[in-house]
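These notes are about the structure you will find just below.
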Amino acid sequence: MTFTFTALLCLGLTLRLWIPVLTGSLPKPILRVQPDSVVSMGTKVTFVCEETIGVKESHLYRNGNLQRTVLKNHQKPTNKTEFSFSNVDQQMQQYQCSYRTQTKSSDYSEPLELVVTGAYSKPSLSAQTNPVVTSGGYVTLKCEPSQDNHTLILTVEGSQKHSWRKDPECNRYTEKCHALFYVGPLTSNQRWIFRCYSYEKHTPQVWSAPSEPVELLVSGKLQKTTIKAEPGSVIRSGRAMTIWCQGDLDAEIYFLHKEGSHNTQSTQTLQQPGNKAKFLIPSVTQRHAGQYRCYCYSSAGWSEPSDTLELVVTGIYYYGVKLSGLPSPVVPEGGNVTLHCTSHSNYDKFILTKEDQKFTSSLDAEYIPSTGQHQALFVMGPMTPNYSGTFRCYGYYKHTPQLWSVPSELLKIFISGPSRKPSLLSHQGHILEPGMSLTLQCYSDTKYDKFALYKEGGTDIIESFSQWTKAGLSMTNFTLSVMPNSTVHSGENVTLMCWSTYSVDTFILSKEGSGQPPLRLKSKIQDQQYQSEFSMSGVTSKLSGTYRCYGSHDSSLYLKALIGVSVAFLLFLFILIFILLRRRHQEKFRKDDEDAQKGKELQLSTGAAEPVTRDRGHQKRSNPAAATQEESLYASVEDMETKDGVELDTWKPPEGDPQGETYAQVEPSRLRRAGAISPVVSREQLNTKYEQAEEGQEVDSQATESEEPQDVTYAQLCSRTLRQGTAAPPLSQAGEAPEEPSVYAALATARPGAVPKNKKQ
């Protein structure tokens, strides 16, 4: 009976599947795609056409055209057919499938759009508000395309896919476009990861590359996570630190979020469920400063946010801060102490921290005009042993409360209690020579672990572990060495230490007045400062003197500056040399032109066969001394003619010639020096020889004397000065130069007025 019922049931189910075929109505197939309907270019995709059993062949269409046909195997009937493509392109793609039985064909499936991404550059996506929302809240996301005239689409990852499309709005002034998507409500039972794409309107299946993902953190109701920083929340710039988040045992992923940021700071996905995640920052910078919270997500949903971790970065400002204890860093129990924090920088606030970071206090800075410093006074008391410890002071500005200055020097506060006081003695006496080493011994019959040595009025306290003696005493020795004393005995060793609270790469130690090159050492960071130690062993008198220490940054920067200065100096030197050479060249050409002009004038004067005239103009002499000079000149020329037997052949200019120069050739004779010429010729004789001279003009003459006797001498009477020179002799008609040069004296007349014959000299 049971077997019969089972057989009838199977027969009924089989007939049910074949009823549509027999009646002529084939069911419409369903088309799906794997891995997703949105894939990047070059991705392998597989289309799955779900159909009925007994299909003879299946067909896949792309954009209405038959793409592929698959013949079915009747021996292994299935209700699915797969079509695989190894490399999809960026063409517009819309797919459908259908199937055919022995007698009929089915209808087409519903269209399936395959979207290909990566055709354009990616847009940018950001959250306009805090990406951390409560369950049921809304968030505004801003998408900016990288291409103009593109439509924007916002998608969310996950099993329930949603998308939003918008045309961007453009600012005509900035020419930037964007679209705002208001998404929600957001629930705490899933992750919300958004991406943005852009596409052209005529190709809606071809998208750009996806934007960077933006994940919204939903504050849930699961157990709150915890957060802590190692080595601490106050850390110096450039050092490494680790932030730990701890939550539920089933947590799959942890999120670290910085308050005020529009994106998730960091994400840590666990390989296996656990309750702790590690976020490492290799080198802390000022951008890491701020407030942080942790979240975790599991299959049950989101956790509550952790408490706030405030990360402070120190060493951002290099202006030093000084900390001191008033009246003394050693305070009796129950007493008060004032910690004085000062700086020359105009910080808005000072903050005092304890080494274990269990104590922090901040005060507004106060300006002191008398010292030109800013200060803050931290009053502590009544003092208890809990207040003892090491303190530091920092300065910062109000607009950046998580960015602090370099720290002050450590200040240790001691609380003197009711225990028995120790004893202090010196075996070397109380009077010492300068530079000697001093050993102070501190001891007590109480079993103390440490002793501290303090100088009255000072700020430095030296600590040392105690030793136990057989007599039951605890004791220790404090040795005050030569360092930092500047008095050293010959043969001893000394160490000079250069240090700075500012960043220094290399320290340079130089001795004043020494010709030796300075010493250089790379700096080392110790006790929150940069320092280098220059050791000298077996010092002698040659090493005595005054030393100075300098700090420098990377030498390559100074090398570049030195090269730049050298190049500029050489360029300036080349330009200066060029200007000097050019000026010298111009002066040489100017001198050559002047010499050529003078030679041309000399050739014209010596080679003229006819009188050569020059327009000197009429010059009148009203000075009696000038008239006397004229008489001497006339007398000198006449004396040359009468005493030395020199014959003058004169050429007078034509009557119409406006120029009054006359050239006279002197027959071969010896020309006497000017001192041998006797001015005894009367004005009447000169006036008789030059009857055509006009009144009111002066006559100047210049005699030229050659060291060697000359055969031919020219004399020109000039109206100004007596010139002397040697002219190049004119060429003969045959082109040959005369055998000897000629010496001439230009005696040019300026047509003086007639001298009365009856005038006495």
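Keep in mind that glycine also has a Cβ here, set from the backbone N, Cα and C atoms.
Features as listed in Swiss-Prot:
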type: SIGNAL; residues: 1-24; note: signal peptide
type: TOPO_DOM; residues: 25-560; note: topological domain 'Extracellular'
type: CARBOHYD; residues: N79; note: N-linked glycosylation site
type: CARBOHYD; residues: N149; note: N-linked glycosylation site
type: CARBOHYD; residues: N336; note: N-linked glycosylation site
type: CARBOHYD; residues: N477; note: N-linked glycosylation site
type: CARBOHYD; residues: N493; note: N-linked glycosylation site
type: REGION; residues: 589-634; note: region 'Disordered'
type: REGION; residues: 647-668; note: region 'Disordered'
type: REGION; residues: 684-761; note: region 'Disordered'
Subject >> For the topological domain 'Extracellular' (25-560), mean pLDDT (0 to 100) >> reply: 83
**OP:** Check each residue in the chain of N493 (N-linked glycosylation site) that is at least six apart in sequence and keep those whose C-beta is under 8 Å from its C-beta; list them in sequence order.
**Re:** S535, M536, S537, G538, V539
**OP:** Measuring CA to CA, name the entry from the glycosylation sites N79, N336, N477 that ends up nearest N149 (N-linked glycosylation site).
**Re:** N79
**OP:** Any same-chain residues 6+ apart from N336 (N-linked glycosylation site) with CB under 8 Å of its CB? Would you list them in sequence order, or say none?
**Re:** V379, M380, G381, P382, M383
Original post:
Any idea what the Cα distance is from N79 (N-linked glycosylation site) over to N477 (N-linked glycosylation site), rounded to a whole Å?
Top reply: 96
Subject >> Other CB atoms within 10 A, centred on N477 (N-linked glycosylation site) >> reply: 14
Original post:
Relative to the Cβ position of N149 (N-linked glycosylation site), how many further Cβ atoms are located within 10 Å?
Top reply: 12
Original post:
Looking only at Cβ atoms, how many others are within 10 Å of the one on N79 (N-linked glycosylation site)?
Top reply: 14
